[in-house]
Amino acid sequence: MTAADVVPFARVGVIGAGAWGTAIALAALRAGRETVLWARNPDAVEAMRRERENTRYLPGVPLPPTLDLTTDLGEIAKADAIMLVTPAQHLRTACAKLQPSLRPGTPVVLCAKGIELSTGCLMSEAAEASLPASPVGVLSGPTFAVEVAKGLPTAVTLAIRDQELGSRIVETLGSRSFRPYLSDDVMGAQVGGAVKNVLAIACGIILGRRLGDNARAALITRGLAEISRLGLALGARPETLMGLSGLGDLTLTCTSLQSRNTSLGTALGEGRTLSEIMGERHSVAEGVHTSAALGELARRHGVEMPICRAVDAILNRNADIDETIASLMARPFRIEGR
Ligand SMILES: NC(=O)C1=CN([C@@H]2O[C@H](COP(=O)(O)OP(=O)(O)OC[C@H]3O[C@@H](n4cnc5c(N)ncnc54)[C@H](O)[C@@H]3O)[C@@H](O)[C@H]2O)C=CC1
Ligand SMILES: O=C(CO)COP(=O)(O)O
């Protein structure tokens, strides 16, 4: 089958009107699809209809009149393909609310990056349990929402088991500015995106503490080793972990203060407390929850993740930053590659 034979889906439904949901809706519109964006808050939908802008989560990017907006999940369920873009901790609830009106077979593409704190589930595990009649895919990669929303060049991994269906989703979302690479490694496509948020907080701490560029490069590299160990234990393929959703996203997030996780880490490194930082933000920083979920998941799979464990200790168990960094550096010397 050639690309010319692949028929894109006509109508895309997007659940979650934060920065990323709004950007994905704009990418789908740019690819030529009818697109409907769901927000749970009627006032937010009203404001977006009136102002043709998502002033709270994606200010400065116009929303074209062709973008439909709704608070009715029934409208989303009528779409041919659904993008699920709530924060990771709310994904299961969103699936449960969508499920009664969803037609069997409608593909659901998960765009959140995280691990469910209450269960240790990856996003696909949570969604598949709640939506047993829907093929579930994952979209992940190096993608700051505002850049996608503005149409700047971006590439992502789109992973789904059914490759024919995957090709249709690629055609549905792909455009001259948004380039999805198809994969069947659903597990692999999620691990990098979830863990990099924790590592980005660590990189931010290093920036905030002014520990230098060497330290950041070391952290990114040893962080990639942690992603790889966990990913392989969960059944991911190495090339996925080295691809857009793994190394690609790790590099982007850990090297830019545009990242909410990196900037949160920087503020921590500068001496602010987590509650002060969280109190000033309305946007999600997924690494906070994922760091807490990772400890148990890594333990269950017998995987060592010392950097992620250190971030969890700083964020969730009040560990002192300088002592934690000192104890990471004081570990026994190791052979590289193990
Ligand atoms: N912003 C970005 O550049 C990117 C974000 N992501 C991921 O996408 C997911 C969503 O992130 P953003 O849109 O950036 O977050 P955001 O902080 O911009 O917005 C969060 C959205 O979730 C909604 N929300 C909160 N609780 C909810 C609930 N219980 N049910 C339904 N909706 C709820 C909020 O109303 C808001 O619309 C996260 O997992 C994030 O890691 C992935 C790639 C890029
Ligand atoms: O996932 C992202 C880029 O790929 C966005 O990262 P932050 O959530 O840290 O802003």
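Cβ coordinates come from backbone N, Cα and C, glycine included.
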If I go by TrEMBL, which of K113, K150 binds sn-glycerol 3-phosphate at the same site as G141, T143, K196, D249, S259, R260, N261?
K113
Joining G16, A17, G18, A19, W20, G21, R260 at the NAD(+) site recorded in TrEMBL, out of A133, A145, is A145
Entries of G141, K196, D249, S259, R260, N261 (recorded positions) sitting next to ligand 1, with Cβ under 6 Å as the cut-off
none
What are the DSSP helix, strand and coil residue counts for the domain 'Glycerol-3-phosphate dehydrogenase NAD-dependent C-terminal' (185-325)?
103 helix, 0 strand, 38 coil
Ranked by how many other Cβ atoms lie within 10 Å of their Cβ, the binding-site residues A17, V284 are led by A17
Just report the maximum Cα pair distance in Å for the recorded NADPH binders W20, R40, Y57, K113, A145, R260, V284, E286, no decimals.
23
